[in-house]
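A.B. asks: Attaching a single structure in structure tokens format; questions to follow.
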Amino acid sequence: MLHIKTIEGQLDAKGLKFAIVATRFNDFIVDRLIGGACDYLQRHGCDRENLTIVRIPGAFEMPLVAKKLAHSGKYDGIIALGAVIRGATPHFDFVSNEASKGLAQACLESGVPLGFGLLTTDNIEQAIERAGSKAGNKGAEAAAAVLETVRVMEQL
């Protein structure tokens with residue numbers, strides 16, 4: 001069988017610096033996501049002093065702040081954490097779509113990996129499930145994704 005070169009990222013955060021952009025809106029959910037992300041990174045070797053949390057009002061502000069952090073050159077990876085919960089108006093669609101597109105654009109323009117932990121749920125129960133109960137912790141999952149991507153990018 002032919003050997004095919006495979007590039008994979010090791011889940012070792014030692015020596016890396018991360019910024020977490022987290023919304024204040026729905027903070028009782030977002031605080032759990034932050035806890036999951038920080039716990040994951042620290043369990044994988046990231047020193048507490050290499051983590052910076054930037055609190056912002058809401059999801060719409062995330063792309064601008066993530067882009068500024070990514071272009072600062074201070075961080076190996078950015079993690080975006082927030083919770084947008086559907087209401088009775090189309091506001092949910094506008095905010096979640098623009099935040100998602102803006103975060104992807106910030107990542108692509110800067111070349112700095114970004115972990116996407118912006119919950120977009122139909123109700124509060126779904127958000128709670130994704131912030132550390134039945135559906136795991138999406139903050140930890142975003143941290144895992146950005147860590148692995150940072151380590152892959154180092155090899156490319």
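For all residues, glycine too, the Cβ spot is worked out from N, Cα and C.
According to Swiss-Prot, the protein has these features:
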- H91: active site, proton donor (ACT_SITE)
- F25, A59, F60, E61, A83, V84, I85, F116: 5-amino-6-(D-ribitylamino)uracil binding site (BINDING)
- A88, T89, R130: (2S)-2-hydroxy-3-oxobutyl phosphate binding site (BINDING)
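Help me see these features in their spatial surroundings.
C.D. replies: Counting every protein chain shown, 11 other Cβ atoms lie within 10 Å of the Cβ of H91 (active site, proton donor). In the three-state DSSP classification, H91 (active site, proton donor) falls within a helix.
Cβ contacts within 10 Å of I85 (5-amino-6-(D-ribitylamino)uracil binding site), excluding its own Cβ and spanning all protein chains shown: 18.
The DSSP secondary structure for R130 ((2S)-2-hydroxy-3-oxobutyl phosphate binding site) is helix.
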A.B. asks: Pop the Cα-Cα gap between F116 (5-amino-6-(D-ribitylamino)uracil binding site) and T89 ((2S)-2-hydroxy-3-oxobutyl phosphate binding site) into the table, whole Å please.
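C.D. replies: Distance (Cα to Cα, whole Å): 24 Å.
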A.B. asks: About how far apart, in whole Å, are the alpha carbons (Cα) of F25 (5-amino-6-(D-ribitylamino)uracil binding site) and R130 ((2S)-2-hydroxy-3-oxobutyl phosphate binding site)?
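C.D. replies: Distance between the two Cα atoms comes out at 16 Å.
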A.B. asks: Can you give me the Cα-Cα distance between E61 (5-amino-6-(D-ribitylamino)uracil binding site) and H91 (active site, proton donor) in Å, rounded to a whole number?
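C.D. replies: Cα-Cα, rounded: 15 Å.
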A.B. asks: Tell me the Cα distance separating H91 (active site, proton donor) from A83 (5-amino-6-(D-ribitylamino)uracil binding site), rounded to the nearest angstrom.
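C.D. replies: Rounded to a whole number, the Cα-Cα distance is 13 Å.
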